[in-house]
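The Zn(2+) 1 binding site annotation in Swiss-Prot covers His77, His79, Glu118, His145, Asp164. Residues or ranges marked as Zn(2+) 2 binding site by Swiss-Prot on the basis of similarity to another entry: Asp81, His82, Glu118, Asp164, His199. The N6-acetyllysine annotation in Swiss-Prot covers Lys102, Lys282. For Ser235, the entry in Swiss-Prot reads phosphoserine. Look at Swiss-Prot and you will find Lys273 tagged as N6-succinyllysine, backed by similarity to another entry.
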Amino acid sequence: MAAALQRIEQLSSRVVRVLGCNPGPMTLQGTNTYLVGTGSRRILIDTGEPSVPEYISCLKQALAEFDTAIQEILVTHWHRDHSGGIVDICKNISNDATYCIKKLRRNPQKEEIIGSGEQQYVYIEDGDLIKTEGATLRVLYTPGHTDDHMALLLEEENAIFSGDCILGEGTTIFEDLSDYMNSLKDLLKVKANIIYPGHGPVIHNAEAKILEYISHRNNREEQIITVFRDNLEESFSVSELRKMIYKNVPENLHKMAEHNLLLHLRKLEKDGKIFSIASPAKKWRASL
């Protein structure tokens with residue numbers, strides 16, 4: 001069972017978590033959004049989903065409670081549970097200037113429209129520094145979950161805002177497994193102490209959690225390889241493999257499990273360990 005999280009919680013002298021009020025199987029307790037800094041204007045990391053008035057109320061309450069305003073908005077990646085609240089924030093939380101909303105570009109590049117186009121993204125790059133009173137954030141390009149995903153290193157705390165690259169509970173989904181594994185290895189090199197994840201509770205041993213994620217994916221890959229090694233003459237569909245490998249996963253997570261399996265299969269095919277055939281549905285078998 002997911003740990004209970006307060007809707008507004010001060011996590012450190014410079015980090016306040018405001019829960020997105022959008023709980024679900026994919027979002028856990030909801031999206032974690034963060035106010036970062038110590039001054040009268042702070043950085044907001046992520047924005048939750050569109051049309052969640054409870055979140056806007058919580059964010060207003062947090063701004064009032066800590067006597068602060070939003071300096072700018074950083075979006076860790078394009079998914080709607082992280083970028084979807086931008087329009088509602090701009091519409092319902094007054095600011096003395098137009099909100100500056102920053103993120104990494106999609107890769108390959110594509111046009112991104114916020115709402116009906118009143119706001120536009122300001123694109124930032126890997127290694128950029130974003131500063132506010134009491135906090136310095138360094139942009140870390142961490143593709144894999146999405147092609148535009150970024151984590152942010154809070155230098156004053158040696159802490160990482162991990163977006164959906166690493167979650168406080170369970171594991172995440174990804175678009176490209178090779179990119180994702182490289183991003184995990186890059187985050188490991190940072191040697192951070194703490195992770196503030198995009199969903200779930202704070203992670204207080206960053207290195208152990210990242211190593212756990214890397215080990216989990218390597219173990220999953222080994223499970224898949226073992227199935228093919230033990231059945232050299234047979235071919236398997238994604239759903240057949242899911243029944244063998246994700247035996248205890250509840251039905252509402254079957255789609256996510258199959259998505260992750262498919263990405264493992266693509267990586268193994270790229271590595272030359274298996275090949276795919278159409279029969280008539282796509283299946284895979286071991287490369288002899």
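Just so it is clear, glycine is given a Cβ too, placed from its N, Cα and C backbone atoms.
Features recorded in Swiss-Prot, as mapped to the structure shown.
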| residue | record | Cβ contacts under 8 Å, 6 or more apart |
| --- | --- | --- |
| His77 | Zn(2+) 1 binding site | Ser83, Lys103, Leu104, His145, Thr146, Asp148, His149, Met150, Gly163, Asp164 |
| Asp81 | Zn(2+) 2 binding site | Gly20, Asn22, Met26, Thr27, Thr31, Gly48, Glu49 |
| His82 | Zn(2+) 2 binding site | Thr31, Asp46, Thr47, Gly48, Val75, Thr76, Gly163, Asp164, Gly198 |
| Lys102 | N6-acetyllysine | Glu72, Ile73, Leu74, Val75, Tyr121, Val122, Tyr123, Ile124, Ile130 |
| Glu118 | Zn(2+) 1 binding site | Val87, Cys90 |
| His199 | Zn(2+) 2 binding site | Thr27, Leu28, Gln29, Gly30, Thr31, Asn32, Asp164, Leu167, Gly168, Glu169 |
| Ser235 | phosphoserine | Ile277, Ser279, Lys283, Trp284, Arg285 |
| Lys273 | N6-succinyllysine | Ile225, Phe228, Ala286, Ser287 |
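Cβ neighbour count for His79 (Zn(2+) 1 binding site): 21 (other Cβ atoms within 10 Å of its Cβ, all protein chains included).
Proximity of Lys282 (N6-acetyllysine) to non-local residues of its own chain (separation of 6 or more, Cβ distance below 8 Å) is seen for Ser237, Val238, Ser276, given in sequence order.
Its Cβ taken as reference, Asp164 (Zn(2+) 1 binding site) is surrounded by 26 other Cβ atoms within 10 Å in the chains shown. Around the Cβ of His145 (Zn(2+) 1 binding site), a 10 Å sphere holds 25 further Cβ atoms from the protein chains shown.
Mapped onto three states, the DSSP output places His199 (Zn(2+) 2 binding site) in strand.
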